[in-house]
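J.: Just lifted these from TrEMBL, have a look:
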- 87, 88, 89, 100, 101, 102, 157, 218, 227, 236, 237: ATP binding site (BINDING)
- 100, 102: Mg(2+) 1 binding site (BINDING)
- 100, 102, 157: Mg(2+) 2 binding site (BINDING)
- 8-204: domain 'Poly(A) polymerase nucleotidyltransferase' (DOMAIN)
- 209-353: domain 'Poly(A) polymerase central' (DOMAIN)
- 356-553: domain 'Poly(A) polymerase RNA-binding' (DOMAIN)
- 1-23: region 'Disordered' (REGION)
- 459-483: region 'Disordered' (REGION)
- 543-608: region 'Disordered' (REGION)
């Protein structure tokens, strides 16, 4: 190992090989991951490769067809090719039975993105039998245009890029920086996923150890609701880079020690010093890169995790003060558990315990309730709102910093369907009431729903970006007669208040947030709704809890004796000053007051 090339930007912290205890714990970790169905059966992986082979043959037909239309000579067409690349969890080797397969189609220069979206859907329908296609949804009008597929039971996120090459042979790779010349922003985003993923794998000393450790860290993050860059947590690539850095520092370690050092070092890291896997790769192409010495916005990033491929970027630019604090607290908890696993034989399952976000983490929650009069209207609208929740958090953090300790977003929304008999039912449903919820339709999270319109809107980088309806079809008009169906998605934020806080006014950031959402160019007040409410923990709906979890209950307060003491009366008045928080309260419907759509009216948020 001493003769191996240097990996990373510094020397190693230890070159010790695994101890017998490391090996024993590694076996135990493997069994725990298997018991949680984290690994896919070999025959299922083979099915993925079969789908990829068929997709590449479809791509080559597209390349040939478009070339013929343009009158290219047979010599060029015969060599034009076209190649499939994968990225994300599949390329990293940490996918599970239900993981999407992120797939890039790279075509030569005579094939445009317009050609891809015009012809690829029909070519796919010719290649795959109807019973093999469970989903085929093109979404061209977003920052990373995509076709969402389910082929032969395999979920595929298919993107496209046009390389400035006359041919794309089977041997073509994407590591050469010259390939980036002349690419537009969309092609750069599409091609960089594969470039970053493959570079990460090149920079880790032991791929097998890296993959085992990353599987464990990702499972921990998902179980603790700390996964997803849209609302301010690291995503899969960011966690991969952090684990890769630990592997570089401990190049001979087994996965259990890498996991322990991951939690210890990442919580002790000298943030905002960036996590880097390699020294800066100089490029002769003039592209914007992450550089805090030039860009003030980059300098404000709290936990920079920098991608290793040019142009480098921060994969964690959405992390704010609250989500950083939550992450570090959770890492401290996890480090203590892994320490106990090493020192006292604690089981690995304790590391992967489900979060307590709804059960006992907070007494008070903010509910962001989005609604649509049609399913199609709600899908993109709720995704757009989720993408802006981080700005609501920033607004709250800055509006009353002395009272707010943190605002923790839950990393998924909850989709519900309601049937309303009249205007009164509609208004209370838009207000968050669940009396009209259709009991036969199970509440699902936005992750479980996997809706491509929601995901596309949530991932949009530009405010107000238009997200077309699936397949370019017109939206189904809302019902006008009989019972009205309303689709809602609710996002929950836990509010932690500082000890002794006796006032809170967040009406201004809520007003700004709802206004920002309504500035979306597709917003239609006849189709869309957004309201923001306060909810106590004992009023949380049953469907946010997992089976077997204990729901919070309201504690009975002892009646305080009447007093004429001015000091005691003044303290009571200060406590009631939480009525200036700027939020309606979601509790007993009989006590709830109606409010205008998207308007916050005063009602109390007492301290945590």
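Cβ coordinates come from backbone N, Cα and C, glycine included.
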J.: What's the CA to CA span in angstrom from residue 102 (Mg(2+) 1 binding site) over to residue 157 (ATP binding site)?
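T.: Between the alpha carbons of residue 102 (Mg(2+) 1 binding site) and residue 157 (ATP binding site) there are 5 Å.
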J.: Quick one: which of these binding-site residues, 89, 157, 227, 237, have their CA within 10 A of residue 100 (Mg(2+) 1 binding site)?
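T.: Within 10 Å of residue 100 (Mg(2+) 1 binding site): 89, 157.
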J.: If you count other Cβ atoms within 10 Å of each one's Cβ, which of the binding-site residues 87, 227 has the most?
T.: 87
J.: For the domain 'Poly(A) polymerase nucleotidyltransferase' (8-204), what's the model's average pLDDT?
T.: 96
J.: Report the DSSP secondary-structure composition of the domain 'Poly(A) polymerase central' (209-353) as helix, strand and coil residue counts.
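T.: The breakdown for the domain 'Poly(A) polymerase central' (209-353) reads 76 helix, 4 strand, 65 coil.
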J.: List, in sequence order, the same-chain residues at least six positions removed whose CB sits under 8 Å from that of residue 89 (ATP binding site)?
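T.: 95, 96, 99, 100, 102, 236 - these are the non-local Cβ neighbours of residue 89 (ATP binding site), listed in sequence order.
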J.: So around the Mg(2+) 2 site, 100, 102, 157 aside, which residues have their CB within 8 A of the centroid of those CB atoms?
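T.: Not counting the recorded site residues, we get 88, 90, 101, 103, 155, 156, 158.
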J.: For the ATP site made of 87, 88, 89, 100, 101, 102, 157, 218, 227, 236, 237, how many Å separate the two farthest Cα atoms?
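T.: Greatest Cα separation within the listed binding residues comes to 20 Å.
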